[in-house]
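K.L.:
Taken from TrEMBL, the feature ATP binding site covers 26-33, 144-147, L173, 181-184. Annotation comment: TrEMBL describes H33 as active site, proton donor. Summarising the annotation, TrEMBL assigns (R)-pantoate binding site to Q57, Q150. Among the features that TrEMBL reports, beta-alanine binding site is placed at Q57.
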Amino acid sequence: MQVVHTIAALRERLAGSRAPAFVATMGNLHDGHIALVHKAKLLGDVTVASVFVNRLQFLPHEDFDSYPRTLEADAAKLADAGCDLLFAPNERELYPQPQAFKVVPDPALADLLEGEFRPGFFTGVSTVVMKLFQCVQPRVALFGKKDYQQLMVIRRMVQQFAMPIEIVAHETLRAEDGLALSSRNAYLSPEQRQEAVQLSRALARMAQQLRGGAAVAAVEAEAMATLAQRGWQPDYMTVRSRNDLQPPGAGEPVVLLGAARLGSTRLIDNLEA
Ligand code: PAF
């Protein structure tokens, strides 16, 4: 696997490629990222991954400074997975001047759920993903369903800007007990790690209650209360339409989404039900 740090070197290496398949990451890679790379290998003629911790998507009080930067280990995992090319720019390369032009996603999709609790998050994500897409010019790009709203925002961006990129979703990878894999799981103490599975269990319980005919509002309230009683600080536990993340109309396919803080670690998860 070749590692490049500049846009010029990336473009030079990709000059002959007709169908790069791209996995964008912020590093600190786990098996969920590696599953994306394996899938990418089936879909393109060159598999490209990026590692870049994107300042624009962190709020001032969030973990930008402490976000684990593990480039050497990440590169080894990517090479093992058969990735062909790693693009690992530094901030000066990707943002040589303050990034004054930004991609502002539709507030109807981006200002709710994660966007409500992390204002500006999806502008930061959309801006860096747009820029990475301009650098790599992939034919296909892969994203995990764990970041469900992010996936929807990126799909919509690609569609609205008529970008010739196929967005492929990958199912969430889970630990044996059901906890969704996330780079931020590394922040959990051993006790918190044991407790963390309760987020996916709460979502599974919500799905069961809905199947049993319970009202949406009651299901949401009970999930919030259950997590709060266990010592979590839930931001939302909610039932939404898979089409637009709004409260679902009758018969619409739904996704259950949850975000909650355990100690100082904020976890998200979702379940299509
Ligand atoms: O999901 C992530 O890791 C990030 O939000 C992404 C898509 C790499 C943009 O920085």
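Keep in mind that glycine also has a Cβ here, set from the backbone N, Cα and C atoms.
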K.L.:
At the Cα level, what's the spacing in Å between S183 (ATP binding site) and Q57 ((R)-pantoate binding site), rounded?
P.N.:
15
K.L.:
Go through H33, K145, our recorded positions, and report the one whose Cβ sees the most other Cβ atoms within 10 Å.
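P.N.:
Sorting the candidates by Cβ neighbours within 10 Å, the top entry is H33.
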K.L.:
Based on a Cβ-to-ligand 1 distance below 6 Å, what subset of the recorded positions M26, G32, H33, L173 would you report?
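P.N.:
Cβ < 6 Å from ligand 1, in sequence order: M26.
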K.L.:
Within 10 Å of the Cβ of Q150 ((R)-pantoate binding site), how many other Cβ atoms can be counted across all chains shown?
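P.N.:
A 10 Å sphere around the Cβ of Q150 ((R)-pantoate binding site) contains 21 other Cβ atoms.
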K.L.:
If you draw a 10 Å sphere on the Cβ of L29 (ATP binding site), how many other Cβ atoms land inside?
P.N.:
23
K.L.:
L173 (ATP binding site) to H33 (active site, proton donor): how many Å between their Cα atoms?
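P.N.:
That comes out at 9 Å between the alpha carbons.
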K.L.:
Take the C-alpha atoms of M26 (ATP binding site) and H33 (active site, proton donor) and report the distance between them in angstrom, rounded.
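P.N.:
The Cα atom of M26 (ATP binding site) is 10 Å away from the Cα atom of H33 (active site, proton donor).
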K.L.:
Compute the C-alpha separation of K145 (ATP binding site) from H33 (active site, proton donor), stating it in Å without decimals.
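P.N.:
Between the alpha carbons of K145 (ATP binding site) and H33 (active site, proton donor) there are 11 Å.
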K.L.:
Under DSSP, is L173 (ATP binding site) helix, strand or coil?
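P.N.:
In three-state terms, L173 (ATP binding site) counts as coil.
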K.L.:
Any idea which of the binding-site residues Q57, S183 has the thinnest Cβ neighbourhood at 10 Å?
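P.N.:
Selected from the binding-site residues Q57, S183 on minimum Cβ neighbours within 10 Å: S183.
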K.L.:
In whole Å, how far does the CA atom of L29 (ATP binding site) lie from that of Q57 ((R)-pantoate binding site)?
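P.N.:
That comes out at 18 Å between the alpha carbons.
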K.L.:
List the same-chain residues at least 6 positions away in sequence whose Cβ sits under 8 Å from the Cβ of G32 (ATP binding site), in sequence order, or say none.
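P.N.:
Set apart from G32 (ATP binding site) by at least 6 residues yet with Cβ under 8 Å, we have G144, K146, H170, T172, L173, A180, L181, S182.
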